Structures are given as C-alpha cells and as structure tokens.
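*Asks:* TrEMBL lists these features:
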DOMAIN    108-191  domain 'Beta-ketoacyl-[acyl-carrier-protein] synthase III N-terminal'
ACT_SITE  CYS114  active site
DOMAIN    234-323  domain 'Beta-ketoacyl-[acyl-carrier-protein] synthase III C-terminal'
ACT_SITE  HIS250  active site
REGION    251-255  region 'ACP-binding'
ACT_SITE  ASN280  active site
Amino acid sequence: MTTRAVVIGCGHYLPSRVVENAEFEATLDTNDEWIRSRSGIERRHFASEGETTSSMATAAAKAALKDAGLEADDVDAIVLATSTADFTFPSAATMVQDQLGMTRGYAFDVQAVCAGFVFALSNANALIVSGQAKRVMVIGAETFSKIMDWTDRSTCVLFGDGAGAVLLEAQDGTGDSSDRGILATDLNSDGRHRELLYVDGGVSTGTTGYLRMQGNQVFRHAVGKLAATATTAMERAGIAPQDVDWIVPHQANIRIIQGTAKKLGLPMENVVVTVQDHGNTSAASIPLALSVGRERGQIKAGDMIVTEAIGGGLAWGAVVLRW
C-alpha cells in the first residue's frame, strides 16, 4: 500500500473591499482597458484596516475545517505559505494555530512568494507520506497591498489580498495514478534571478521597502519554466497532458496562464481562471482558485489537477493531484 495525501476539505476568504480597475485612474496614469489588456485583471480585494494575513488565513482554514466536518484539534500540522506575515516572528502559522483554537501539533511558515503554496503542498505531502502527520492544513495567505508602491502603475494594479486553504489527510492508495491525493511534485529555484522580482527592504538590512518587478523579464522566464515543471511533475505521476482535467495555475497574468496552457497543449477550457476577480494574490492564488473552482462546479471528485506557480527568487514548481 502507498500513503497518499488526499484533499478532504477546502475553503477561502476574500476581504470585503473590492477595488475595480477604474479606481486607479484618479491617482495613476492608467485605465481599465490598459490593465485588462496587459493582465486580464478587472478587480481585486484589499484587506481592511483590521485584517491581517493571519486573520484571513484563519478564516480560510475554518472554512476548510467546516468543509471536512472536523475540528481544529483533529489537525496535526499547519503549513502556511506567505511572504507577508503579520510579524517578523512568531510565524503567521502559529498565530493561525492559536486563532483556530488548536492546542496540539505544530505550525510553520513557508516563504517562496508566488510559488509558496506549491512548496507548502510539497512539504505537507512529505510530512504525511513520512508518517509525521495524519492531517495537515495547507494555507496560502497574503496582504500584498501592504508592500505596494502606489506610485508604480506597473505593479500596484496587479496584486490583491486573500487566503485559501486545503486540508490534507493520509489515506491508503494503490501507488498508481488512479489514487486520489498528491501523486507527484517538482520544486525548483534559481537565486541568480533575484533582481527580477523582490522587495527592496528587510530586517537585517534595517530597511522598509516595496515590491519591485521587471515584468517583461519575469514573463520571459515564466511560461517556459511553468510548462517544464508541470511536465516533470506529470511524468513523475505517470500521466500525460490528455489525462489532465484541470490546470489550476498561479493567477498572475492571463497571458502567462494562456501561454503555459498552449505550451502544454491544453485548451483554456481546461484551465481554472480567477485572475480577473482576484488579481495576483501570490501564495494565496492557487488555493483560492481551487476553492472557487470547486464552488463553481468545475472541480469535482476524481478530477486530475495540475497546479503550477512561479515567484520571486526565482522559485517555481508544480504539484499533480487527483481531487
């Protein structure tokens, strides 16, 4: 028998404040058509004054617990992907552990920016397969609105806030691609490309910074690397592109999403797209899309799913799972 990490619950949270593209016209040299044509984004959600990464992550985790019909202490571990934790320390994950009322187990953050949720899923899968946990809550949550330079139209119109969560449980499988759960993962990074996407501030430098991005350069790397990592993960899972029901990609830019699907030989009808409503929510984008995709009736039990993401570092990866 093979142990698989199977999704038994999912949920998401979006702040109530919705910002349409037109709102940026008052302060920036931009407009709705310019933003849509370059990114596919129509609106995004921004956290309110009292909302934090940990509070949104907690809301998403509660929704996933409710979906699974379980309580907080039924969970052994929390893995939270974020680049915008509430504090330098403690980890946002331990804050979620407290806010959930979870009195056992352990919690930690994973930081791989927009690829964070893929890295978190891979970590959670390893915990389950190795027998270190039976149930793991995997969360992606971000408040990127807090690190925006509101004078830079090339970045501030692209990002949004939100959180998504999936609850994984150890279940027995046969060891082939007919199993439910995570079938394969692939993780990569290349620190030589740090200057393409970063925040120009940090703790040990004693500085406070904002997100900086060379968008054209990121795009040039993104499609090729995303298609390659997805292909590697599919090969490890023993499946081909025609076996895939849904690609659930990082929701950064509609052109990257379309380009990756084309390179993989899959039609857009097989891609879950939420970027138009959420913008780029970094590590939150894939779990948000999974939860919304299921809510829409797109994702169903037994579906073969490929998730892929790339973010600052550069860091990129993919996960193949059967829902």
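Placed from the backbone N, Cα and C atoms, the Cβ positions cover glycine too.
Note that the structure is predicted; figures quoted are calculated from it, not measured.
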*Asks:* Cβ distance under 8 Å to HIS250 (active site), same chain, sequence separation 6 or more: which residues?
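*Replies:* The list for HIS250 (active site) reads CYS114, ALA115, VAL118, LEU226, ASN280, SER285, ILE286, THR307, GLU308, ALA309, ILE310, GLY311, given in order along the sequence.
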*Asks:* Would you identify the secondary structure of ASN280 (active site) according to DSSP, in three states?
*Replies:* strand
*Asks:* Among all the protein chains here, how many other CB atoms are within 10 A of the CB of ASN280 (active site)?
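*Replies:* Around the Cβ of ASN280 (active site), 23 other Cβ atoms lie within 10 Å.
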*Asks:* For the domain 'Beta-ketoacyl-[acyl-carrier-protein] synthase III C-terminal' (234-323), report the average pLDDT of the model, please.
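*Replies:* When the pLDDT values over the domain 'Beta-ketoacyl-[acyl-carrier-protein] synthase III C-terminal' (234-323) are averaged, the result is 98.
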